[in-house]
Amino acid sequence: MSAAQETMSFPQTSPSRSSLEWFDLVFFAILSQVTLFNLWRHGKQGILGWFMLANFCILKVVGGAMTKSAQNSSQISTYTTGAIITSATLSPLYFAMLGVWHEVAMTYKQNRPFLFGWSLQIIVHLVIASAIALVIVGAAQYNNPTNPTSSAHALEIAGVILFAMAWILFTFMVAALWRTKDLTAMEHRLLYAITICTPLLGLRTLYSILGACINNPSWNFTNGGTIAEKVVLQVLPEVLILIILNIGGVFPSSSETAFGTSSHRRGQGRLKRGSQARNIEMGL
């Protein structure tokens, strides 16, 4: 494609949309530092959630930087790549929420190895991975003249349906955690955080579902509807999720972690059972 063709087909950006893109870029660049701090503070027990949350921030920054750079140089291919990267951030957001859930549920899962152990998490991860693969392939095919638009649209719809299924499963997993009372103060904070973030994640998922089902040139992965729709259904949920999770994770001290306290409780439980067994043997 020639430079002239790229300039002709380059999407027009209004001042308000450009300001929103700059806000996204600056906000996620700043909050990524807090997320990286939480990744360091929570250690290996929190790596699943905080690494993916940091990855989410980095993808938002990289995608936003590419689109802003492309707007200055009128490179449609760079703009499209940046838009695809930005639109693909729903999956790391899901993975981050699952990782924080795992950090909270360390003790809860001990007596529920299948339903709340790695088996269910692997299933949800596979659903999310399949969903984002379908969405990315569908988005890429919109700019491929050799593939019909209907095929790309079908792939996008299939992907967002899988995201909806993943959200339902995750909601069930979060609700189940409220059945246990053996949680530390930090675990309770994180549980409150992911509980508040779950409907926000559903709102963000709804945004992707509407974008796939409307099938309108005014609402696709490069523009995402009107400014109001984009702010309410995408920007606000993502911003609030990032703020709430970081607030929930930034307070615990280095010695107060879900894994550490859970391990301590399990150790205390084993000592208590051993002491009870010795008392029985001694006739006490």
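Using N, Cα and C of the backbone, Cβ positions are placed for all residues, glycine too.
Sequence-distant contacts of the transmembrane segment (20-40) (same chain, at least 6 residues past either end, Cβ-Cβ under 8 Å): 13, 46-47, 50-51, 53-54, 57-58, 60-61, 64-65, 67-68, 86, 227, 230-231, 235, 239, 242-243, 246, 249-250. Residues or ranges marked as transmembrane segment by TrEMBL: 20-40 (among others).
The annotation domain 'DUF7702' is assigned in TrEMBL to 23-250.
Below 8 angstroms of C-beta separation, residues 21, 24-25, 28-29, 31-32, 35-36, 38-39, 78-79, 81-89, 92-93, 95-103, 238, 242, 245-246, 249 of the same chain, each at least six residues beyond the ends of the transmembrane segment (47-67), sit close to that stretch. Summarising the annotation, TrEMBL assigns transmembrane segment to 47-67 (among others).
Listed as Cβ neighbours of the transmembrane segment (79-101) (distance under 8 Å, sequence separation of 6 or more from its ends, same chain) are residues 10-11, 24, 46-53, 55-56, 59-60, 62-67, 69-71, 121, 124-125, 128-129, 131-132, 135-136, 139-140, 143, 163, 166-167, 170, 173-174, 177, 190, 193-194, 197-198, 201, 204-205, 208, 221-222, 224, 238, 241, 245, 248-249. Positions annotated as transmembrane segment by TrEMBL: 79-101 (among others).
Among the features that TrEMBL reports, transmembrane segment is placed at 113-137 (among others).
According to TrEMBL, the transmembrane segment annotation covers 157-178 (among others).
Positions annotated as transmembrane segment by TrEMBL: 190-211 (among others). Counting only same-chain residues 6+ beyond the ends of the transmembrane segment (190-211), those with a CB under 8 A from a CB of the stretch are 87, 90, 93-94, 97, 100-101, 103-104, 135, 156, 160-161, 163-164, 167, 170-171, 174, 177-178, 183, 219-221, 224-225, 229-230, 232-234, 237-238, 240-241, 244-245, 247-249, 258.
Annotation comment: TrEMBL describes 231-251 (among others) as transmembrane segment. Packing against the transmembrane segment (231-251) from elsewhere in the chain are residues 20, 23-24, 27-28, 31, 34-35, 37-38, 41-42, 46, 49-50, 53, 56-57, 60, 89, 93, 96-97, 100, 186, 189-190, 192-194, 196-197, 200-201, 203-204, 206-207, 210, 224-225: each is 6 or more residues past its ends and has a CB under 8 Å from a CB in it.
Annotated region 'Disordered' per TrEMBL: 258-284, in sequence order.
Sequence annotations record features per position, and here TrEMBL assigns compositional bias 'Basic residues' to 263-275.
Residues 90, 94, 97-98, 101, 104-105, 108, 116, 120, 123-124, 127-128, 130-135, 138, 191, 194-195, 198, 201-202, 205, 208-209, 211-213 of the same chain sit 6 or more residues outside the transmembrane segment (157-178) yet have a Cβ under 8 Å from a Cβ within it.
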